[in-house]
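Record features, source TrEMBL:
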type: TRANSMEM; residues: B:37-54; note: transmembrane segment
type: TRANSMEM; residues: B:90-114; note: transmembrane segment
type: TRANSMEM; residues: B:126-146; note: transmembrane segment
type: TRANSMEM; residues: B:152-172; note: transmembrane segment
type: TRANSMEM; residues: B:184-207; note: transmembrane segment
type: TRANSMEM; residues: B:227-254; note: transmembrane segment
Amino acid sequence: MPQIAQLSATYASQIFWALIFFGFVFFVVGRGFVPKVQATVANRDKQIADDLAAAEAARRAAEAEEANWAATSNKQRAEAQALIAKAKAEGTKASEARLAQAASVIDARMAEADARLATARAQALTEIETVASEAASDIVARLAGLSVEGDAARAAVKEVLHG
Amino acid sequence: MAEQGKVDPMHQFMIEPLFGTDQWTIAGHNIAFTNSALWMLISVGVLFAFVAGGAKGQTVPGRWQVMVEGLVGFIDNLLAANVGPKGKKYVPYIFSLFSFILFSNVLGLLPLGLFGIHPFTATSHFTVTGVLAILSFSIVLIVGFARHGLHFFSLFVPHGTPAWLLWLIPFIELISFLVRPFSLALRLFVAMMAGHVLLEVLSSFVISSANSGVLWGAVVGLPSFGLMIAICALEILVAGIQAYVFALLTSLYLNDAENLH
């Protein structure tokens, strides 16, 4: 095994060069480049984290904006609805008033017409009574030869007519 | 390969000085630049190119940058999961450990022998893995004592230890603690060496059986070759797993030191 057979002849050289080369690796590569690489990675991670945070903030802002807009539009829609409802109510009220007015005019005319009808009927009734009492007294005079007083005939006719 | 059909499975672990054999010394110790050092240099070069190419720091990363960031993120998660927020400062060390071992393991597996280049797996030598293990263990000791002082010794008395076992448990815990650097170093070295030896032995089967004739080549050589392919896949897995295990265990030990109990 050369590792042992050559030990006494080569150990100094082996240890010396191992220290030299490992020292070079440690001081130049390990202490020189590795921190730089680590800094690069850390920088990149930080930048990515910052970008993500910025994107998140932008998203939040957009969401707030949208909520704001939704609230405004809801409010405006509600206002418009209220306006429409008010206009509708006013229209209904106006048409009701006009309907009521027209109805009262019609009622008045109907009442007037009713009154006229009643008057005409009463007149007709009295005329019928007069004619009937005259006819009755004529009939009595002709059949029985009795002359009946106008008032008595009228009362008799009235009694028959009205029961 | 001294003679035809003879493969020495251990030859691949031979350290061959390339230059500086005589003149380069520190305090009398020879520090020749060997093939082992060369392959560590190649691993470090490839690792450097890989990480440097992906450290462009673009906000929208390319493929290469994603790979490097994935590797760093992997170590980052490992420490975050095992040590917690305090583990952040160990990312450079664990990253260096993991990637150095991973690149050494994988580059040592490359079938460059086909082109006459013989890859050398530096992590198949306990002299190299030992350096890394002792580094990790030292960091654990230094952090542990710096943060908790002598209270760090309470690591040897786990939660819920019954009073009548207090004479035994700390002793066992101390041994298991002291074994850590050895287990770290040996695990990696043994895993790397075993796989390479196995591949080499199987390849020697293929070569020898093919040399002894068509029949033996078909009966022994072909199955061995199929097994080699499967074990190559396994070895790539092991190369990654061993690097991960080394980094994971180091981070677990660091967790002991950082968050005592």
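Each Cβ is built from the backbone N, Cα and C atoms, and glycine gets one as well.
Note: TrEMBL annotation is automatic and uncurated.
Keep in mind that this is a model prediction, so the values were computed, not measured.
Through the fold, the transmembrane segment (B:227-254) approaches residues 75, 78-79, 82-83, 87, 90, 94, 97-99, 101-102, 105-106, 108-109, 123, 132, 136-137, 139-140, 143, 180, 184, 187-188, 191-192, 195-196, 198-199, 202-203, 206 of its own chain, all at least 6 residues removed from its boundaries and within a Cβ separation under 8 Å. With a threshold of 8 Å between CB atoms, the same-chain residues lying at least 6 positions outside the transmembrane segment (B:37-54) that come near it are 18, 64-69, 99-100, 103-104, 107-108, 119-122, 128.
Long-range neighbours of the transmembrane segment (B:126-146) within the same chain, counting only residues 6 or more positions beyond its ends whose Cβ lies under 8 Å from a Cβ of the stretch, are 36, 40, 93, 97, 100-101, 104, 152, 155, 180-182, 184-186, 188-189, 246, 250, 253-254, 256-258, 260.
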